[in-house]
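All remarks here apply to the structure that follows.
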């Protein structure tokens, strides 16, 4: 480990040396003229001369080289590559230089590759570790592996094998290892995969190493997957609850054989409630619900039903139940609705549970939803005035049957003024809530009535809010009380948008003739 760390530090020091060396060069007249369009189409690769590296490191200059290489003769390509010799490492660690290297490697013929003279790949092969740990250099190493000879590849693999753990846990080095796993020959892959197995748990729980193991699961041999499952079988639960490990468990369930997955399912079944209520474990359970075979899903769904109320009110567990509603069988949805029937109102006013009720209204059949809708109708005013319950009523108004929408709008219409009248009395007593947010929830129902109500209902509502309130000492209309609050103001604006011309004038007249309070004495 100490030797690997020294190699990494040595590579990084070399990178910073090259970056400082090439950072402050001044732009030449040739490049400056080209960038400012003072040189026309007559400029050719052979005209670059000593400025070829400068062009290769410039965004516009590198694009020029790439375009010319596509149509260059073998002699022109060979001359360019000869001019770049000695600067390939600099190009490999530069965004623009990377594109030039790719174009150059694609332009060389087979003879040039074998001789390794035209582009001097040995300059890159001497710094495999440095480049593999670099943002752009790592991509160059992948290109080298695609174009170099088998003898040159052996030199690359020797350096990769000696620093495998450092590379596999590096942001960019992991890409190189994954490239070898996916595209390498069996004899090239085998020592790398063997070394990965020796450090399996470290890699699975590492931010970058986990992607290397995932690549083995996706592109490796059957025996590679078999060995991974065997080595991880004592840690299935802990890995399922790990940020990086959970994704590996999902891929085990996706790519391994039924026999290999059997032990995984046994551990999942034995720790289901803990997994379903965990941030990452819930993803594993949801994967089984969506993609598992019926015999794999059945014991999991059965256990979920036994802990239904705990899960629907849990931040992560609710998503598992929602997944059953979306991807489960018809009888699964029916059983969920039946078991929650006694708690529809309390769940609708719950931060997490309200989302589930909305999904029930979206996914279930009309017959399954009817008991739910009846409870919502019976507790309409409680829900409309609740921070989360109002969202449930919105869904019914927006997506429900016309008769349910009509029933809600008609019920709210008669209570609209009472709610508006008492807002300024209720809000000051709720010290823990933001009054603006509380008012937003109470006005949302009115807004949806305006949007989805019939013309007759919209007009009736406007008439009511414009009428004088005899229960108020000032006799002012509910409209004037509503516009004192930001979200009540939005409802008034919505009224102006949907009203016909006569009622729009009525609204404007009520606002314009409002009495002005004299504050001079204060």
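Note: Cβ is positioned from N, Cα and C throughout, glycine not excepted.
TrEMBL: automatically predicted annotations, no manual curation.
The repeat 'Pumilio' feature in TrEMBL is assigned to 47-82 (among others). According to DSSP, the secondary structure content of the repeat 'Pumilio' (47-82) in residues is 30 helix, 0 strand, 6 coil.
Annotated domain 'PUM-HD' per TrEMBL: 102-443, in sequence order.
If you look up TrEMBL, you'll see 123-158 (among others) marked as repeat 'Pumilio'.
In this model, the repeat 'Pumilio' (159-194) carries an average pLDDT of 92. Per TrEMBL, the feature repeat 'Pumilio' maps to 159-194 (among others).
Same-chain residues lying 6 or more positions outside the repeat 'Pumilio' (195-230) and placing a CB less than 8 Å from one of its CB atoms are 161, 164-165, 168-171, 173-174, 177-178, 181-182, 189, 239, 242, 244-245, 247-248, 251-252, 255-257, 260-261, 263-264. Residues or ranges marked as repeat 'Pumilio' in TrEMBL: 195-230 (among others).
Taken from TrEMBL, the feature repeat 'Pumilio' covers 231-266 (among others).
Annotation comment: TrEMBL describes 267-302 (among others) as repeat 'Pumilio'. Long-range contacts of the repeat 'Pumilio' (267-302) within the same chain: residues 233, 236-237, 240-243, 245-247, 249-250, 253-254, 258, 261, 310-311, 314, 316-317, 319-320, 323-324, 327-328, 332, each at least 6 residues beyond the stretch ends and with a Cβ under 8 Å from a Cβ of the stretch.
The repeat 'Pumilio' annotation in TrEMBL covers 303-338 (among others). Per-class residue totals from DSSP over the repeat 'Pumilio' (303-338), listed helix then strand then coil: 29 helix, 0 strand, 7 coil.
Break the repeat 'Pumilio' (339-374) down by DSSP state and the numbers are 30 helix, 0 strand, 6 coil. Taken from TrEMBL, the feature repeat 'Pumilio' applies to 339-374 (among others).
Here TrEMBL flags 375-410 (among others) as repeat 'Pumilio'.
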